[in-house]
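The following features are taken from Swiss-Prot:
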type	residues	note
BINDING	121, 125, 126, 127, 355, 356, 357	(6S)-5,6,7,8-tetrahydrofolate binding site
MOD_RES	230	N6-(pyridoxal phosphate)lysine
SITE	229	site 'Plays an important role in substrate specificity'
């Protein structure tokens, strides 16, 4: 029977080869994609457990299927740990992704066609913050806000001005490519001044919030959404937090039956593991090192003529670089670095002139390399290698030197 096929490699060699190739890539490459990380074996074990066999529509104690006693325990553990981790009164751990979490939060907070303020994509916002190609921009009337063109920092006075002009029902704070601290108290003041709700998407900074390395949005936001991977170092998934009991009920309904059916209890189990790991004091040490590594890289990039640090540097786990002045666009930089065992992604910048498929910049994060064991010395070396490749993008001899150095570095810190 097929269920007896325990030898994955011999049963499905094509798929096994692809997975093995990805394992080799992760071993050999310096991972700088800011939304990626390296999870623990415990997280992977939970996600690969027998819980994947179980359907459990509904919520603990109120399921539409029988035999859910064990998964109720699993989900309640995840909920309780999430609440403890972020100081929330209510947590929904069922969203399959951050986008699913945002979709449900919108359903709970506003109606189709309502006006919403969200961060512009070029300024560092996310697709689900109102991009015209996304469900958010198609379903709701999003008005974008950006950053100050000189400082490239959030301009709270300008955001207030826009809010007063358009009178939004909801303001969305949070970003996917913003390297500085976000003042949630100011966002709360702006929202209150126009009678709007405040939603914070902390997907990128959740790990920092959990340890106090970034201000917690929970005291200010009506609803907080997040992913459970990225800096939180858990499985790919989403979560919604609130301190409002009425909104909590609306959120639960928006997830099930509103936007999802059965929850992925094996993923929820992995979330529970990650939350327990994040509650350990060692996780705070990890996040502290992430920030140190990011700032070490920023210091090195600041020395390179032709590279420009967006917003002048970083307060969190990521930084953005304009590379166009080196005669290479973001997509070309991404492909070039991938060829020398360094992985990052192209990124639009606030004064973007190119298409989203090219971009003028790249985004760099330190979460994964820190999980691998890199400290400031290695982070500086990484920045030097990235810079060397970008500056010498048409010099094959120099690129080969970078490739060898990158392999030597990853060999010193095996996964």
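A Cβ is built for glycine as well, from the same backbone N, Cα and C atoms used for every other residue.
This view paints the features noted in Swiss-Prot onto the structure.
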residue	record	Cβ neighbours (10 Å)
121	(6S)-5,6,7,8-tetrahydrofolate binding site	24
125	(6S)-5,6,7,8-tetrahydrofolate binding site	26
126	(6S)-5,6,7,8-tetrahydrofolate binding site	23
127	(6S)-5,6,7,8-tetrahydrofolate binding site	16
229	site 'Plays an important role in substrate specificity'	26
230	N6-(pyridoxal phosphate)lysine	27
355	(6S)-5,6,7,8-tetrahydrofolate binding site	10
356	(6S)-5,6,7,8-tetrahydrofolate binding site	15
357	(6S)-5,6,7,8-tetrahydrofolate binding site	9
Residue pair residue 121 ((6S)-5,6,7,8-tetrahydrofolate binding site), residue 229 (site 'Plays an important role in substrate specificity') - Cα distance, angstrom, rounded: 21
Among the (6S)-5,6,7,8-tetrahydrofolate-binding set 121, 125, 126, 127, 355, 356, 357, as the record gives it, the longest Cα-Cα distance in Å: 16
Cα-to-Cα gap, residue 357 ((6S)-5,6,7,8-tetrahydrofolate binding site) vs residue 229 (site 'Plays an important role in substrate specificity'), nearest whole Å: 25
Per DSSP, three-state class assigned to residue 355 ((6S)-5,6,7,8-tetrahydrofolate binding site): coil
